[in-house]
Amino acid sequence: MDCKYLKECGSCTLFTSYSEQISFKTDLIKQNFSHFYDGKFDLFSSSPKHYRTRAEFGIWHEGSKLSYTMHASEKGKKVFIDECPKVCEQISHLMPRLLESLQDDEILRTKLFGVEFIACKSGTLVTLLYHKKLDSEFEAAMKILASKLDVMILARSRGQKLLSGELNLVDELNVDGQIYKFSLSENAFIQPNKAVNEKMIAWAKECVQSGADLLELYCGHGNFTIPLSFKFKNVLATEISKSSIANALKNCELNGVENIKFLRMDADELMSAFAGVREFNRLKDIKLSDFNFSHVLVDPPRAGLSESVINFIRNFKNIIYISCNPETLKENLNELTKSHKVIKFALFDQFANTHHIECGVLLEAKR
């Protein structure tokens, strides 16, 4: 990737050609997981540039001049940038226009310390972060800027949130030729590499030849849930975030899905419900014994699965595990492979030019 800040900016950590990066990551995964799996490792690569649909930058002030900043490779320092080849073209084209407009407006540039971008099918959301009170004069200036740049703007300060207008964040994913629509909130967790996300979902669908019912933990706004729902009779999906559950319900409507039950419940609560040791009002309309689960899907945070969750999902014949941290995946597989065997293993290069690796594993109960 051609970048004038390469090695100076701390965002990228691999500087070889993309083919060499892929070879390095593939070899690393094979070395660490070959004792779990001796079959073919599926590799899903990324475009080496313009792949990020979400980006965050600091803002540096020098008089009336503003600069985007990133953490430098040298600890404790910043690097001033005017472009980033990793961001998608939708964000890349907007970055200089936004900065110029902010510089020209004293109300909008004063006390601004950060900018965040989310690009999707319906448009771009720009979040402006401030160390000041946001008043009516500010709100008027923000709305003018949003109209000028044809974007949605969200301004945040401590205890304040102002929107330039209606928030309409809707993205589309193309998975095996099927279009899925997703409504997002400004604080939703989204996979920043859209193209690789589509490949991850397609791979997860391939893991299911035929299924009865699916249980999903950590479902978010339904990124995997909704495409996979067409492979199952019924789906029960859990998530702790209230806003994610709200988006997930909206996304069912957008995609005409009626066989998913979403529960705002963490993994420990769900396990208590399955064990019958605690009753939940949230389950008053859901009878767990009515489900015939053939698969469980987990997409945990970097910390991986707790011991109790591992013991719980051992009760399922098929486990689809999406991991954003190979280290905790390896720890979890040490336990899971006592009862299950690895059937498929995939590597997803979500973040080109970095050491980050995401994996997908299909496990099946040993007979």
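Cβ coordinates come from backbone N, Cα and C, glycine included.
The feature S-adenosyl-L-methionine binding site is assigned by Swiss-Prot to Gln191, Tyr218, Asn223, Glu239, Asp299, with sequence analysis given as support. Under the three-state DSSP scheme, Asn223 (S-adenosyl-L-methionine binding site) falls in the coil class. Counted within 10 Å of its Cβ, the other Cβ atoms near Asn223 (S-adenosyl-L-methionine binding site) come to 25, all protein chains included.
If you look up Swiss-Prot, you'll see Cys324 marked as active site, nucleophile, on the strength of sequence analysis. Its Cβ placed at the centre, Cys324 (active site, nucleophile) has 19 other Cβ atoms within 10 Å. According to its DSSP assignment, Cys324 (active site, nucleophile) is coil.
In the shown protein chains, 23 other C-beta atoms lie within 10 A of the C-beta of Glu358 (active site, proton acceptor). Residues annotated as active site, proton acceptor in Swiss-Prot: Glu358.
Calculated from their C-alpha atoms, the gap between Tyr218 (S-adenosyl-L-methionine binding site) and Glu358 (active site, proton acceptor) amounts to 16 Å. Note: the CA-CA distance between Glu358 (active site, proton acceptor) and Gln191 (S-adenosyl-L-methionine binding site) rounds to 11 Å.
Across the fold, the C-alpha of Asp299 (S-adenosyl-L-methionine binding site) and the C-alpha of Cys324 (active site, nucleophile) stand 8 Å from each other. Within the same chain, the residues at least 6 positions away from Glu239 (S-adenosyl-L-methionine binding site) whose Cβ sits under 8 Å from its Cβ are Tyr218, Cys219, Gly220, Ile245, Ala248, Phe262, Leu263, Arg264, Met265, listed in sequence order.
Residues Phe189, Cys219, Gly220, His221, Phe224, Ile322 surround the recorded S-adenosyl-L-methionine site, their Cβ atoms falling within 8 Å of the Cβ centroid of Gln191, Tyr218, Asn223, Glu239, Asp299, which are themselves excluded. The separation of Gln191 (S-adenosyl-L-methionine binding site) from Cys324 (active site, nucleophile), Cα to Cα, is 11 Å.
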